[in-house]
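A.B. asks: Pulled the feature table from TrEMBL, pasting it below:
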- 241-457: domain 'Glycosyltransferase 2-like' (DOMAIN)
- 63-84: transmembrane segment (TRANSMEM)
- 96-122: transmembrane segment (TRANSMEM)
- 289-307: transmembrane segment (TRANSMEM)
- 416-438: transmembrane segment (TRANSMEM)
- 450-473: transmembrane segment (TRANSMEM)
- 493-519: transmembrane segment (TRANSMEM)
- 540-561: transmembrane segment (TRANSMEM)
- 567-587: transmembrane segment (TRANSMEM)
Amino acid sequence: MDLLRFAGRLGPAFGIRQPVTEPHTPVMPSEAPLDMPVQSLTEGALSSALIPTSPRHMIWRRVFIFGLSLLIGVTGIGVLAASLSYQGFHPLEMVFLGLAGFLFTWMAFAFISSLAGVWVYLTRQDDLGLFPDGPIPLLTQKTAILMPICNEDAHAVVGRLDTIRQSLIATLQGNRFDIFVLSDTQDPVAAETERTAFLKMQRLSGAPRIYYRRRPINTDRKAGNIADWVSRHGGAYAHMIVLDADSLMSGNTLVRLAGGMERHPRVGLIQTAPRLINRKSLFARCEQFAARLYGPVAACGIAWWSGSEGNFWGHNAIIRTRAFAEAAGLPHLPGRAPFGGHIMSHDFVEAALLRRAGWAVHMAPHLDGSYEESPPSLMDTLGRDRRWCQGNLQHAAVVGASGLHGINRFHLLRGVFNYLLAPMWVGMVITGAALAAADIAPAATSVGPLAGLFAVTMAFLIVPKVLAAIVVLRDPDTRSGFGGGVRATVSLMVETVLSTLIAPVVMISHAFMVASILSGRKSGWKSQRRSEYEVSADELARRFTAHTLIGMGLLLVASIFAPETLLMTAGAAFALMLSVPVAYLTAKATPRRLMPVFLIPEEGRLTPQDDSLLDTPLTPVTQAP
């Protein structure tokens, strides 16, 4: 029985299915301390140590992807500049040209990366040789599985951990792993429920053992939680696999990750590409489908040009414990929040510091058996993005840190611009409207080239989706898992429509987030909502009133001052005007059997009985017999 079949039976997992031992194991094992010094961002040099796992001809991969992206971008800028320069450049035209050129080049890079991903996916290239098939390695070292939690549903976490544990037992190498639940929960009632649930789970006999501890003060949030464990217990484990509270990983994948670390002693971190599962709302299932169909190809592209300078996404990854302790102790940034203080988006920075110290950081895009859950609604996604936005903007202070590899600096910059792109798009639209209103750039000379760049931009977005679908669905079993070729094609078309409606709403929301952070407002640390719920129409109306008004204003301005651009602006305008009903309708939970689109292969492995169990309320561990 595979991991997803176990996950489909989370309800029974809360009962104790294994023999128990008395007395139960201690809450935590004896300490095995590791020194974890805080690293400097102003001092330090890039290690000159040889990276054996760095691919040959890596420089030419990067010359290709960065060079071709710049060439495409410069060509687009040249075409647009030629249409604007017939009377010389007005300052507004220069601003518009700069914004449009940067955004066009940025999208060209993503497009070329996706094309590289198609090639890597088809040829099954992997720097570390990590694939889901082939002989399972025999492990000789000990690995800790860490699940940091904060105000989570303890019973759901127990179910996921029991699933992981059962899958590890099936590999016959469960004795090479221990599981640690690292709690930062501050609410006393929730903490007691949590403690009771995990103490009962600790009574399970056999390996892997399960340990639980709760910090009374959650210093530095998740990064501090992990650092506390490393400092106290890291010396007993060669590696640690970091999970999120909604993570699920198969025993097969966990063993292969640990085997990869044993085979490659200069590798400091291996990041998997998690797949999204277990969602019921239309919004989340659309995200789930897109990630499953396009995500593997996108991950292959990133792995191809990142090489041994890969990135860390904070979870579903394995890390060499001593390397992390020696190289990744995070400093506080100078100043006050939201830009100063502890580093919120710690993962990118930890990867950069590991590479600075001479440790390779790789992605394993071909490994399956790595899963997580997405937020259930657009509003929840934007709430999560607000925290990520603040953390990523902090990276502007880290990009120039001493000794970082150039590719790690680029990863940090990508994180920053993932959110700065939104106000740049808004700035470009406002500048274009001002040009049209002032009649500085007559339509006869500017609209044609602009429409051409718009068409190419749409191709940058759509072509990678189509190519990814073609290469992923060419496998008969995978195609069947998506419901067959016809159903998958219909799902792709519906996903394209929904993403077109949602993208402008996200863009405006990100622009608001950036403005909020620049004004000095910091985000809190609330636990993420992980299950579907009834979204209030009134709450959505309050949240998206500004979006609706912006859409109406955009349509009005285009109609009055630049009617020839209506075809380019109407889509975004109507999407913003429809933000409230779209957010409301896509948040509703719908059983999978009643939704004709967005099936993914992981769901296809579940039997009807398993499917019904997923829709059944879970039985708390404290009530199990």
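Cβ coordinates come from backbone N, Cα and C, glycine included.
TrEMBL annotations: computationally assigned, not manually curated.
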A.B. asks: Could you give the residue numbers and ranges of same-chain residues that sit at least 6 residues beyond the transmembrane segment (63-84) on either side and whose C-beta is under 8 angstroms from one of its C-beta atoms?
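C.D. replies: For the transmembrane segment (63-84), the list is 93, 96-97, 100-102, 104-105, 108-109, 112-113, 116, 305, 441, 445-446, 448-450, 452-453, 456.
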A.B. asks: Should anything in the same chain at least six residues away from the transmembrane segment (540-561) have a Cβ under 8 Å from its Cβ atoms, list it; otherwise answer none.
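C.D. replies: The answer is 379, 429, 433, 436-437, 504-505, 508-509, 512, 569-570, 572-580, 583-584.
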A.B. asks: So, does the transmembrane segment (96-122) come close enough to the transmembrane segment (493-519) to give 3+ Cβ pairs below 8 Å, pairs being at least 6 apart in sequence?
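C.D. replies: Answer no: the transmembrane segment (493-519) and the transmembrane segment (96-122) share fewer than 3 Cβ pairs below 8 Å.
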A.B. asks: Would you mind giving the whole-number mean pLDDT across the domain 'Glycosyltransferase 2-like' (241-457)?
C.D. replies: 93
A.B. asks: Check the transmembrane segment (416-438) against each of 96-122, 289-307, 567-587 and return whichever range has the most CB pairs under 8 Å.
C.D. replies: 96-122
A.B. asks: In the same chain, which residue numbers or ranges, 6 or more beyond the ends of the transmembrane segment (289-307), come under 8 angstroms Cβ to Cβ?
C.D. replies: 54-55, 58, 61-62, 65, 113-121, 125-127, 273, 275-276, 362-366, 374, 407, 411, 464-465, 467-469, 471-473, 482, 488, 491-492, 495, 499, 597-602
